[in-house]
Every structure is written in C-alpha cells, then in structure tokens.
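Chemist: First the structure, which I've put down as structure tokens, then a few questions once you've had a look.
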Amino acid sequence: MRALWVLGLCCVLLTFGSVRADDEVDVDGTVEEDLGKSREGSRTDDEVVQREEEAIQLDGLNASQIRELREKSEKFAFQAEVNRMMKLIINSLYKNKEIFLRELISNASDALDKIRLISLTDENALAGNEELTVKIKCDKEKNLLHVTDTGVGMTREELVKNLGTIAKSGTSEFLNKMTEAQEDGQSTSELIGQFGVGFYSAFLVADKVIVTSKHNNDTQHIWESDSNEFSVIADPRGNTLGRGTTITLVLKEEASDYLELDTIKNLVKKYSQFINFPIYVWSSKTETVEEPMEEEEAAKEEKEDSDDEAAVEEEEEEKKPKTKKVEKTVWDWELMNDIKPIWQRPSKEVEDDEYKAFYKSFSKESDDPMAYIHFTAEGEVTFKSILFVPTSAPRGLFDEYGSKKSDYIKLYVRRVFITDDFHDMMPKYLNFVKGVVDSDDLPLNVSRETLQQHKLLKVIRKKLVRKTLDMIKKIADEKYNDTFWKEFGTNIKLGVIEDHSNRTRLAKLLRFQSSHHPSDITSLDQYVERMKEKQDKIYFMAGSSRKEAESSPFVERLLKKGYEVIYLTEPVDEYCIQALPEFDGKRFQNVAKEGVKFDESEKTKESREAIEKEFEPLLNWMKDKALKDKIEKAVVSQRLTESPCALVASQYGWSGNMERIMKAQAYQTGKDISTNYYASQKKTFEINPRHPLIKDMLRRVKEDEDDKTVSDLAVVLFETATLRSGYLLPDTKAYGDRIERMLRLSLNIDPDAKVEEEPEEEPEETTEDTTEDTEQDDEEEMDAGTDDEEQETVKKSTAEKDEL
C-alpha cells in the first residue's frame with residue numbers, strides 16, 4: 001500500500017513539472033505571440049477546430065524560432081517623407097482612429113480587384129487560392145487584430161517599396177492638402193485614402209504592424225514595423241497563405257475596444273458594406289446541437305421507454321444512439337456585406353440613405369452627394385450606372401486640366417471591376433462626376449488598352465453625358481445657384497466651349513450676374529423672358545469685376561433705356577459666349593464692340609444725322625490728323641451719355657477684357673501677341689456730342705486745326721478712353737507727361753518751366769559719432785574735476801600739518 005502511495009505521488013510531481021515546463025516555453029503577450037498559434041480552437045468542438053485552422057494566424061513558430069527570425073531579418077529605415085506622413089496622419093486623425101479599418105479593407109479590396117483582373121487573361125492566377133475574400137479576426141488573448149485578403153499579394157521588393165517609401169511629389173501634395181484642409185476646418189480623414197497612404201493609419205491604433213504577404217511571383221515574406229523602422233524577411237514557414245496578405249496589428253492599450261466583435265462589425269457595416277468582395281468576421285454564436293448521451297443517462301431513458309412499450313417486436317432495427325439537445329458557443333466566419341451591388345438593384349428598391357452610404361463608401365468622401373441618378377441604359381449597348389455630383393469640387397480640379405486622368409468613374413464588366421484609369425469615360429469638363437458603370441456587353445478577357453478603343457465605350461460615354469446633364473438640370477434652382485454654380489460653374493462654361501453636340505443643353509445651365517439684380521445670378525432663359533419688346537439681341541459686358549463692368553461707358557445708354565446687361569466677370573466667360581452664337585434665337589452682342597444699335601423713330605434719326613453733320617469737322621480732324629496712327633475711324637456715339645468718349649473694338653477685334661487676358665497668357669508662355677491679327681485691329685473712337693469737352697474741342701478745331709493744346713487734349717482723351725474701355729496703355733510715361741502738361745496749362749504755369757534744383761549741402765557728422773565724442777568729453781571733464789579735487793585735498797592736508 002505504501003508503495004502504491006509513493007508511486008501516485010511521483011506521478012503527480014511529474015505531471016506538475018510538465019505543466020511548469022510548458023508554461024516556461026510559452027511567450028508573454030508581446031508581438032512575438034503574433035507568430036504563435038491561436039487558442040480559439042480550444043473553445044469549440046472538433047468540427048469547429050477544423051474551421052479554426054482556416055482562421056487568420058501565423059502558425060508554427062516557437063520563441064527561439066521567433067528570436068532567430070528577428071535576428072536574421074533585414075532592417076530598413078523609413079524614407080523621410082514616410083516619417084513626416086505618419087506623424088501628420090497620427091497627429092491630425094487621432095480623434096478619428098476608427099478609419100484605420102476602412103483603409104485596410106479598402107486596400108484589401110484593391111488587391112482583390114487586381115488579382116481578379118489578372119485572372120481574366122491568366123488562368124493560373126488564382127491557382128494558389130481561388131477564394132476572393134477579406135477576413136477579419138480579433139484575438140483578445142494576444143491583443144491582436146488580423147485582416148487577411150486573398151488578393152494579388154506583394155513581393156519582397158514591393159513590401160519594401162510600397163510600405164517603406166512614397167513618391168516625394170505625392171508627399172508634398174498630400175502635406176499641402178492636409179494643411180489646407182486643417183486651415184479651412186474641413187475633415188482630413190478622407191485625404192489619406194485619396195492619396196494612397198491609408199495603410200499608415202494602422203499606427204493610429206497599433207504599436208506594431210506585421211504584414212505577411214504571398215505573391216504568385218515570389219515566396220512568402222514577413223514585414224514588421226513599430227513606426228520607427230521596419231524589417232523584411234522570408235517567412236520560414238513557407239507558403240501558408242496560398243496567395244494574398246495578412247495584416248496583423250498589435251493594438252495599443254487604449255485601442256482594446258477594437259477587439260470587441262460588435263465594434264468591428266459596426267465599423268465594417270458603417271464604412272465597407274458596399275465593398276464588392278465578401279467580408280467575413282470570425283464570430284461566435286450560440287446554437288442548440290445534438291450531443292450523445294452518457295451511458296448511464298441512455299440506460300435510464302431506455303428503461304423508461306421499455307416500461308412504456310413492453311411489447312416491442314424482437315426484429316426491431318438496430319437501436320440508434322441516444323442524444324440530447326445542448327446549447328453551445330460555436331465559432332465561424334460571419335458574412336458582413338451580403339448586399340447585392342447597389343447598381344444591380346432596381347432604383348425603386350434602393351433607399352436614399354443607401355445611395356448616400358454607397359457614395360461615401362466608394363468615393364471616400366465624408367459629405368452626402370449633392371445629386372445622384374440611377375439608371376439602366378438599353379439599345380446598342382446595355383449597362384447599369386449610378387452617377388453622383390459631389391457637394392464640393394475635388395481639390396485641384398483644374399490643375400493640369402485635360403492632361404490628368406479622371407479617377408471618378410469605375411468601369412465594371414459583368415460585376416468585375418476593370419479600371420478607373422480611362423481617360424475618356426467622361427469629357428474633361430465633367431471630371432467632377434463620380435460613379436460606377438457596369439456592362440455585360442463589353443469583353444472581359446482583353447487588355448485595358450484594347451478595351452479603351454472599343455467602339456461601345458463611345459456609346460456609353462454619350463449616354464453618360466446626357467444622363468449627367470439631366471441630373472444637373474433637375475437640381476433645385478436655389479440649391480443650383482447657391483451651391484452647384486459656385487463649385488462647378490466653370491466646368492459648365494468649359495463644356496459650352498468644348499462640347500459642340502451638347503452646347504444647347506449646357507447653355508440652359510449657364511448662370512451670370514446681370515444689371516437686373518445687384519447680387520443674384522440669372523439664367524439665359526430668365527434674361528430672354530425679361531427682354532424688351534423688339535429687342536433682338538442679348539447684351540453683355542465683360543470686365544475683371546462687376547464694379548468695372550457696370551461702371552463702363554459702354555453700358556451707360558443701355559442702362560438708361562432700361563435694357564438688361566449681362567456682366568461677364570470670369571476669364572472664361574467671354575470665351576464661353578463667343579462659342580455660343582445664339583440662344584433661343586437671340587444673338588449675343590458685346591456692348592464693347594461695334595454693332596450696338598437702338599430702335600429709333602424718324603425724328604430721332606433726323607436729329608442724329610444732323611449732329612453727325614455738325615461734328616464732321618472734328619471727326620475728320622481726329623481721324624486724319626490728331627489720332628491718325630491710333631484709330632480706324634471716329635464716329636458720333638449712340639451708347640454714351642456721361643462719358644466724353646470711348647474706344648470700341650471691331651466685330652473681329654478684342655475687347656479690353658479679352659486683350660488683358662490674352663496678354664497675360666502670352667506673358668506666361670513667353671509669346672509676343674503684337675503681331676496677332678486680332679491684337680493689331682485698330683479701334684473706333686466714339687465721341688459724345690453732348691459732352692462739354694467735345695463741344696469745346698469742335699469750336700477750337702474750327703478756329704485753328706493746328707492748335708497744339710487741342711491736339712494734346714485729343715490724345716489725352718484717347719488715352720483716357722483707352723483705360724476706361726478696359727485696354728492697357730503701351731506707354732504710361734508719355735500719358736503721365738501729357739497729363740502734367742495739361743495741368744500746367746490749367747494753372748497758367750509755363751509748360752517749359754523747370755523744376756528747381758535742390759541745393760547741395762555739406763555732409764554732416766553722424767549722430768553716433770557726435771554722441772560718442774560728447775560722451776568722451778564728459779568723461780574727460782569728470783576725470784579732470786576729480787584730479788583737481790584730489791589736489792585741493794592734498795594741499796589742505798599739508799597746510800593743516802604746517803599750522804600744527
């Protein structure tokens with residue numbers, strides 16, 4: 001008996017020692033545990049344990065192997081731009097940390113898009129793993145969050161390049177945009193996705209990030225970083241992923257909320273429910289399952305059954321094992337985004353909130369769209385599409401206008417994402433429109449370049465433009481004028497210039513300021529409705545500002561007679577109107593050019609002709625003598641009421657506003673426009689016969705055509721009219737000299753009187769030297785005074801001694 005007791009005690013001690021040894025091998029909860037096996041399987045039955053083996057984990061490395069792995073890994077320093085980027089992201093988005101999951105899922109979706117596109121032309125692309133999924137797993141015990149995709153994966157070089165460096169130009173642009181957004185008080189969380197730096201948002205919640213990736217053209221590698229530096233090494237376990245990428249986050253202490261299943265599920269539904277690939281979360285649920293009974297329970301139940309059914313035939317079939325119902329926690333992958341692609345559903349079945357959520361998901365914007373349209377196009381090509389107008393213009397909308405691709409239309413063929421890199425899915429002027437296009441009629445297994453030349457794309461583009469213009473037209477007037485026109489008005493004007501086939505439709509969307517209202521903008525339809533009887537032209541005046549346009553001498557009589565004038569205040573406005581010959585049967589008239597005429601009675605006509613005859617000497621003198629080289633002709637004006645004169649361009653010449661624009665453009669490109677046909681056109685000099693200056697000039701010319709004062713006055717009037725008409729003076733010094741001469745005459749000062757010369761003065765000593773000399777003199781005087789006092793004291797002392 002004693003021997004048995006001793007033997008039992010030894011067994012207990014051996015068992016305890018074995019447990020302690022296992023505990024010592026186990027690794028503390030550090031990043032190294034990320035490379036160990038998950039313990040989730042211990043919570044499930046055998047069948048679930050098998051499913052658990054599919055869970056996202058980095059298998060099979062013990063503590064010594066992990067240490068050896070880290071010692072052999074190649075260390076890298078982050079590029080300086082990446083360090084700046086990460087610091088800016090962490091500092092600016094620390095209050096919105098949850099967006100890290102959105103960015104990681106978005107990157108995973110991009111990787112899946114790439115491998116699916118490759119598989120269209122390479123049948124072996126999916127051989128490593130035919131699944132196209134995103135899987136997320138929380139590991140509370142180890143404080144780890146895993147995000148795995150079966151996308152294209154990354155080679156070793158791509159891990160170093162994509163996760164350790166970034167284009168310098170892209171960094172600068174991103175930093176500038178972040179700064180601008182912060183200064184404007186706008187959200188910065190959308191920028192990181194737009195600039196492709198969303199991966200670094202992982203450091204908002206993680207102390208360390210581990211990326212395991214397998215590309216079809218390389219072995220599996222592990223990338224690891226603590227945000228200060230990173231390392232890369234070949235995975236000693238070999239190919240455990242098949243293909244794709246696992247991102248493992250070692251979460252910060254304050255980020256433990258992101259290990260809660262409900263938190264992760266809510267974030268996936270909030271940000272990523274419209275991702276085009278299934279997203280799974282490793283989740284638990286309680287199920288009622290059948291379990292075999294213990295032998296005693298089964299025997300007891302069998303006895304009860306035999307009491308109830310005593311007469312049972314002996315040839316009864318073989319007895320089935322007894323089971324009981326038990327509630328059990330089961331772990332499995334739960335699908336988070338089981339929603340059909342929104343554009344594939346009938347528009348009547350889609351709620352407004354769903355459109356808004358989809359827009360935010362695919363465009364990475366935080367604001368709701370201003371407008372959207374969901375339609376199915378049929379005919380030569382069938383496709384489904386949803387198009388959106390954003391609330392605000394994308395940053396840098398007109399940077400290198402026309403030379404940069406538009407990323408805002410995503411093309412799908414049979415629900416397979418093809419590209420967002422087409423240059424002409426939309427015309428340049430609609431480069432702000434965002435949306436998706438999905439067609440079953442386009443070929444799948446061709447290159448992007450071949451697809452871009454496909455004739456059906458031109459048909460799709462044509463229908464997209466028509467639907468976009470319909471969508472814009474339906475935006476409510478108040479919202480259109482206050483929001484859309486401020487953000488995208490220039491795009492519509494460029495459309496009038498560039499899109500000949502849709503020019504009439506676009507013209508109805510134009511808005512301008514006018515003399516009808518001091519601040520509100522007006523459409524051309526509204527202008528035509530307000531036109532005066534017998535008015536056959538739409539009058540417009542171009543200027544650098546509304547104030548300049550409405551104070552121009554060209555609009556004086558028009559406004560006095562009650563005609564409405566459109567004010568063109570943007571550089572592109574005059575180009576736009578020039579490209580639009582008419583609207584609703586009414587031609588446009590630039591009031592700064594020839595051709596402005598008013599309906600006049602017979603009496604008015606006779607009066608005008610009499611005035612023209614009266615001023616004929618002055619007109620001829622100006623044309624043939626005083627302004628011979630400066631003007632084409634001089635005429636009596638019908639458009640001036642207050643100003644003495646104006647300089648009017650010919651129908652084919654440049655107005656003052658257009659000439660300024662052309663000179664500015666020429667200055668930027670280094671061209672000389674002085675020889676340009678339009679720039680070389682001479683202008684017409686119009687005079688106001690009722691103005692006192694003009695009347696007095698007529699009198700003086702009749703008296704003496706060679707009067708130099710009158711000649712100077714004519715030139716000064718011409719140059720003043722040049723400025724008031726919006727043109728630039730070629731010689732401003734000569735203009736200033738003439739003004740000075742006219743002022744001398746008006747003040748009865750001799751025109752040849754010279755300016756008095758300033759008398760020459762002897763150079764004075766500087767204040768600093770004088771001050772220093774004064775200070776030195778004072779010091780010397782003080783020293784001298786001190787010496788005298790000392791001598792007198794000595795003499796006194798000697799005299800006193802003599803007396804004693």
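Each residue, glycine too, has its Cβ placed from N, Cα and C.
So Swiss-Prot lists these for the protein:
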- S64: phosphoserine (MOD_RES)
- N107, D149, N162, F199: ATP binding site (BINDING)
- K168: N6-(2-hydroxyisobutyryl)lysine (MOD_RES)
- S172: phosphoserine (MOD_RES)
- 289-317: compositional bias 'Acidic residues' (COMPBIAS)
- S306: phosphoserine (MOD_RES)
- S403: phosphoserine (MOD_RES)
- K404: N6-succinyllysine (MOD_RES)
- S447: phosphoserine (MOD_RES)
- K479: N6-acetyllysine (MOD_RES)
- 757-791: compositional bias 'Acidic residues' (COMPBIAS)
- T766: phosphothreonine (MOD_RES)
- T770: phosphothreonine (MOD_RES)
- T774: phosphothreonine (MOD_RES)
- T786: phosphothreonine (MOD_RES)
- 792-804: compositional bias 'Basic and acidic residues' (COMPBIAS)
Chemist: Among the binding-site residues listed here, N107, N162, whose Cβ has the fewest other Cβ atoms inside 10 Å?
Modeler: N162
Chemist: Fewest other Cβ atoms within 10 Å: which of the recorded positions D149, F199, K479 wins that one? Let me know.
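Modeler: Ranked by other Cβ atoms within 10 Å, the recorded positions D149, F199, K479 bottom out at K479.
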Chemist: Roughly how many Å lie between the Cα atoms of F199 (ATP binding site) and the residue listed as 'N6-acetyllysine', rounded to a whole value?
Modeler: 37
Chemist: Return the member of N107, D149, N162 nearest to K479 (N6-acetyllysine) in space, with distance defined Cα to Cα and candidates limited to these binding-site residues.
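Modeler: Considering only the listed binding-site residues, the nearest one is N107.
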Chemist: Taking the recorded ATP site as N107, D149, N162, F199, identify the other residues of that chain whose CB atom sits within 8 Å of the mean position of the site's CB atoms, giving them in sequence order.
Modeler: L104, A108, D110, A111, M154, L163, G198, V211, T245, I247
Chemist: Of the residues named as ATP binders, N107, D149, N162, F199, how far apart in Å are the Cα atoms of the most distant pair?
Modeler: 17
